[in-house]
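A.B. asks: This is the feature table in TrEMBL:
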type	residues	note
DOMAIN	79-389	domain 'Protein kinase'
BINDING	K112	ATP binding site
Amino acid sequence: MGKNDEAVSQKDIKKSRSFKQRLQYPTLDIRKLDKDASFCVESASSDDNDLTAADKRPRENDDDGNLDYHIGLVMEDRYEIVSTLGEGAFGRVVECIDRHRDLCVAVKIVKKFESYCKVARSEIAVLEEINSLDDDNRFACVRMLGWFRHRAHTCIVLELLGSSTFEFLRQNNFVPFSVEQIRHIAFQIFKAVSFLHRNKLTHTDLKPENILFVSGDSDSNQQMHKALRCLDVKIVDFGNATFDHQHHETLVSTRHYRAPEVILDLGWNQSCDVWSLGCVLMEYYLGRTLFPSHDCGEHLAMMQKVLGPIPPHLLKQTGKKHFVKNEHLNVDKANSSDDAIQKFCQPLRQYMRTDSDEEKQLFDLLGCMLDYDVSRRITLEEALWHPFFCTLRAQQ
Ligand SMILES: Nc1ncnc2c1ncn2[C@@H]1O[C@H](COP(=O)(O)OP(=O)(O)OP(=O)(O)O)[C@@H](O)[C@H]1O
């Protein structure tokens with residue numbers, strides 16, 4: 001299945017817009033659009049489209065291929081749905097009581113379409129591998145507890161976690177995290193992703209929505225307070241995780257977190273996760289997306305405003321020649337004077353002018369993570385030895 005921006009059906013666009021309407025993001029509300037648009041959805045099966053037939057029987061799926069469940073529904077004679085936790089391009093995640101173990105769990109109910117089932121199978125394989133590689137649960141990756149099929153939907157049973165860091169920021173009116181909080185969150189995530197990288201896996205979709213606090217209190221206010229006290233987080237969503245030996249899709253990551261080598265189609269490796277995490281940490285610091293763009297040209301122009309010119313040797317290699325003019329980024333005049341670039345993008349060196357030593361360390365680390373050149377970009381193993389983490393390393 002091709003995952004590219006061009007392969008978007010009208011149905012996907014409608015679906016993306018409804019996502020957009022549901023989201024309240026202060027600077028730009030198109031975050032979800034690109035992720036959705038990156039996947040070519042197979043059309044619904046004929047019985048999904050047959051409204052007359054569907055009208056005559058209780059509905060099992062909504063138009064997006066999601067299971068049309070209700071609170072109280074029991075799946076597998078075991079998992080009783082008590083609430084909805086989240087929604088993504090691949091389906092919905094619900095909180096359930098596991099009646100066999102008298103335990104609350106999260107169940108990701110994947111959309112019914114075959115392409116999504118395929119991604120779900122891959123997510124299950126990756127989660128099984130993580131469970132067996134990390135049997136002591138030392139790294140901050142969500143644990144899979146099992147999986148089953150319910151009415152043609154693949155359902156993945158996961159340990160129950162709390163809010164995503166994106167949701168946390170949103171509920172907190174996008175007040176940024178403190179540098180100390182960023183340090184704690186980053187340290188755990190870097191260790192976890194570094195563990196994935198050592199085991200030849202790339203996550204490819206690291207973003208604040210996929211980094212969840214561990215605290216699972218159902219009262220959101222209490223949850224916020226608890227999360228801020230303990231700051232333990234875990235990574236979710238391994239549906240696009242790719243082993244080194246597997247085919248690497250041309251287009252990966254949700255747009256705002258997408259590395260330049262992916263946009264320029266230069267091939268990618270684990271280093272694209274490092275770029276995404278650089279964008280994530282900056283978002284935690286700013287309380288808003290670092291590159292709030294919806295267009296590749298504008299996105300690259302934003303990168304230039306923040307990080308300086310894209311090296312000509314990289315532009316020389318791209319097959320996407322429309323991005324290049326005289327060995328430099330071909331910045332469309334309309335884009336370069338675009339409000340969004342002027343308003344949201346500030347050179348990283350200006351942030352470095354801060355008087356705070358800990359902020360200086362953070363920006364130094366971010367500079368190393370947001371290096372255009374993959375061969376020079378810091379690895380997470382190296383990043384864990386950066387002075388930004390020295391206090392946490394000392395505590396280990
Ligand atoms: N184990 C969990 N515990 C609690 N909430 C969860 C859990 N896993 C996922 N969620 C919630 O559900 C949301 C969607 O989950 P996930 O990212 O796995 O779905 P997806 O369809 O693959 O998303 P995407 O559109 O990013 O690909 C998360 O952002 C989070 O809010």
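Just so you know, the numbers here start at 1 and follow the chain as drawn.
The backbone N, Cα and C atoms fix where each Cβ goes, and this holds for glycine too.
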A.B. asks: So for the residue listed as 'ATP binding site', how many other CB atoms are inside 10 Å of its CB?
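C.D. replies: Excluding its own Cβ, the residue listed as 'ATP binding site' sees 21 Cβ atoms within 10 Å.
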A.B. asks: Check the domain 'Protein kinase' (79-389) for me and report the mean pLDDT.
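C.D. replies: Mean per-residue confidence for the domain 'Protein kinase' (79-389): 92 out of 100.
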A.B. asks: Let me know the DSSP-derived helix, strand or coil state of K112 (ATP binding site), please.
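C.D. replies: SS state of K112 (ATP binding site) = coil.
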